[in-house]
C-alpha cells in the first residue's frame, strides 16, 4: 500500500502499486447495498496489506448526479416536481380520452415535448461530461506522478531531499497558494536503502477520518528494532489528497482513500438550483389552478349539474386550461438562454461563462455575498512597505539608506540598530531558498545529485506564509541574502559576498493562539546564542521592554491597510540555553497537557525582550476591489468574507479593501471553547452597535453549537462579517445558515478548490479563474475572470434578467387569461356549453406565430441604461423586495385580462352580423391587435428588433387570413365594416390602459424614471 510520488524534474524507475485501490472491485454490489459505515481509526502495515482486516472505500472520484438506471427517472422527477409541468402533463394525457378531446394532440404535446427534450439533452450532455472527467481521473493507474495532485491521504515516509522534508502546494485544499513544509517520518527517512521499507516490521496507526484539514494524530511503530521505535505523527507528517508535491520525490503510505479523504469529506454534493422567480411563478400557477377549478365548478353549477356533469366539469377544465399557458415554461427557458448569451457576449466583462443557464434572474435578487479572500479580493502578492525603528521610519522611497547602512556595517564590522533589525528579519522565519534544476538534466536514482544553478537569478523562496517571503526578499534587496537552509542551519550572504552561518537550535512555529513565531540560533563565528521573535502587536506588546511608540505606529500602519509584525530579540548565555533546552525537552515528552507545559517553558524566555523594529507589508488587492465592494454595499448587499487565513491577515484585508469602512468599529470575537464563554462573549457583542464582526472558525463552531439562532441574528445586523480559519465545510455551513435563518438569496464567490462547497451551497455560485486553478470556476454557476466584473454582472445583467423574466412571465399568463376570459363569456352566453370558442390552428397560431415574437422580444427590454444602473447601485435594493413579480402585480394583470377579455367578447357579440363566424373573425382579430398593443404598452425601452417583431407578427396574421377559410368569412373580413368594428373594440380594450399608465407615470413615477428623465 505504498505510493511512489516523484515530482518536479526528478525521475525514478521503481514501481509501486496502490494495493488499496484493487481490493474492492469485486465488492461493488455489496458496497451499494451496505449501510453507511461508522468512520474508524485504522492500523496500516507497511508492505503487508494482508494484515489489514477492515475494508475501506475504493479510491475513485464520482461527480455524476445519476447512473444509467436513474437518469431518466431522476430528470423527469426534477421536472414534474413543479406543479406547472405536472399540470401540463395531466392536461396533455387527457387528450387521449375521446370524450375529453378539445383540440389537436400536437397543440398540447408539442410544447411539453419540446421542454422535456431540451432538458433531457442538456442534462445528458452535462452528465456525459462529468462521466468522462471521472473516468479520465479514475483510470490513471500509475506508480509515478509528475506535477499532478496526490490521489489519496498519506503519511509521509521518505523523501529524496537531504533535509528530510519537502514542500507541497495546498491551493485546492485550503485556498492558500503559499507552499507548506512537510517532514518525513525520521525512522523511515534514516533507512539506508529504499527497499528496506518492505523488509522492516512497521505500521502506522491513524485516527478515524475527520473534516479538519489542519490537524492529525497518529503514531508510527517499528517492532523489529531493539527497543521498539515509537514516533508520534502530526499534521506536518501528512500529505493530503488534492495537494501537489512541489520539490523532490516522496514516498508515503496510504491511510485514507475515496470518500474518507479530507478533500472529499470537505466537499458537498452539488444540488439542482432553482431560482426564486421560478418558485414564485410556481406559486402563481397554483393560484391560477384554483381559479380554473373554481370557474369550471361555477359553469357546471350554472348548468344545473345536468347529464354527465363530471365529464362536463373536466371539459371545462380543459377549455379554460389556457389560464395556465403551456407556453410559459418554453418562453422562460428560451429567455434564460438569451440572458446567458447576452452575459457571455458582454465586452465589458470578457471571459465570463454561464455554466448554469436556469438561474440568471438570481443575480438580481441577492442580499448576501460571501467571498473568499486569497485570490478573490487579493492577488496574494506581498510587498514590503515600511520599517519603523522607533526613532526613524523608512518607506519605499528611502530603502537605499538602509542598504548603505548594511554595507557600512559589514565593511567596517560595526553593528547598528538598523543592522540588528535587518539581521533579525533575515533569520527569524521558516523560509527556504529553492534552486531549480538545469533544463534537460535529470536523475535516475533516488538520491542522484542534479546540476543546480546557485546563482541569485535562479533562486526562489518558499514558505508557509507569503508575508515571510516578502520579508526575506526585502532583506535580499538591502544586501543580506538568505542563500541556503536545512533543518539544522542557515546561511546568509553579506553585501561583500561573505557567507555567515547560523545553527538553528530551536524553532517555535506560528500558531493562531500564540500569534507569534520564534527561533534560537547560534552564530558559527562568535558562538553567540540569540533568541529572535516576531509576531502580532497584541501578542508582542507584553513581551518587549517598555516603549512609548509601538502601539501608536501599529495603529498608523493598520489604517494604511498594512500587515504589521513586531520583531524583538534576546541574547542568551550557554547556561541559560542549556537550562531551557532540558526543560523544553522534558515538557515535549509529557503525555498529559503537553501543549500547555511546552508553552509555559517557552514563555519563560519571552520576558523583557529588546524591541528591534516594526515592519509593514502590503497584500496587493485585485483591480478595482474597493469601488466594487462600495458599489455592492450601496446596492444593499451585505458582504461576508470567509477565509482560511489568519485572523490578523483577514482583519488587515478587511480594512485595506474597505470592506470595513474607516469610521466603523471592529469587534474581534474572543476565542471561546465552552458554552459559558460563548454566552459571555455574545453578550459583550450584543452591546456593540454598527460594528463589523471578526470571528475565527473554532469560535464560530462553538457559538453555532449552543447559540445558533442568537449568533446568526446578531451577525446579520452587522454591516460586514469576517470569518477566518474557516474550513471548506464551515464555509458551506455558513451559507446554509443564512439561507435558513433569513430566507434571503445568497451568492458565494471564490477561486480555489476549497471554495467549491460554498459555491455549490449558495443560491448563486460565482467562480473566478485565478492562480489557484479552475476547480471553483468549473463548479460555479457563473465564471468570471476578475472580481470587479461582479458589479456589472449583478447591477446590469442581474437587474435585466429579473425584470425581463418577471414581465415575460406575467405577460404570457395575461395572454392565457384573456383568451380564457373570452371563452368563459362565450360559454355563458351560449347556455354554458362546453364548446371551444377557437379551434385548431387559431389556438396554435395565437400562442406561436401571431404573438410569440413580440412577447418574447420583452427579453430585450430594459428600464434603465447599464451606465445608470452602475452609477446608482441603490436601484438594486428595489429588486430584492420582489416588487416586479408579486401577488399585487399578478392581480393587476388578472384584472386587465378580465377587462380586456370581456370587452373583446361582448363587443364582438354586440357588433357581429347574422352569422356566428363573424363573431370569431371580429373577436380573434381584435385579440391579436390587443396583444400587440399591450406588448408595446409594456415595453420601457424600444429596440429595433422589437419593432421588427411587432410588424412581423402583424404581417404573418394578415397573410394567413387568406388561408383561414375554415374559420373566417373571407368576403366579410375584406369589408370596411369589419375593419371599423375591430378597430372600435381594440381601442376600447387598450385606450383606458394607456391613459392609466400615463397618469401613473405622471403622478407616481418609479424611482428609476427620475434618473432617466
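Glycine too: its Cβ is placed from the backbone N, Cα and C atoms.
Unlike curated entries, TrEMBL annotations are predicted automatically.
Keep in mind that what you see is a predicted model, and the values were worked out from it rather than measured.
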From 862-888, 970-996, the residue range that TrEMBL assigns the feature transmembrane segment: 970-996
Candidate binding-site residues 510, 644, 725, pick with smallest Cα gap to residue 755 (Mg(2+) binding site): 644
When counting Cβ pairs under 8 Å to the transmembrane segment (890-910), the leader among 106-125, 812-834, 916-937, 970-996: 812-834
Beyond the flanks of the transmembrane segment (944-964) by 6 or more, those residues with Cβ under 8 Å of it: 841-842, 845, 849-854, 856-857, 860-861, 925, 928-929, 932, 935-936, 970, 973
Number of Cβ atoms other than its own within 10 Å, given for residue 563 (ATP binding site): 24
Site with most surrounding Cβ atoms, counting all protein chains shown within 10 Å, from the binding-site residues 374, 754: 754
Distance, residue 751 (Mg(2+) binding site) to residue 372 (ATP binding site) (CA atoms, angstrom): 8
CB contacts for residue 751 (Mg(2+) binding site) [other CB atoms within 10 A, all chains]: 32
Cβ neighbour count within 10 Å of residue 644 (ATP binding site): 27
Length of the line joining the Cα atoms of residue 374 (ATP binding site) and residue 751 (Mg(2+) binding site), in Å: 8
Same-chain residues near the transmembrane segment (970-996), Cβ under 8 Å, at least 6 residues beyond its ends: 896, 899-900, 903-904, 907-908, 911, 913, 917-918, 921-923, 925-926, 929-930, 933-934, 937, 961-962
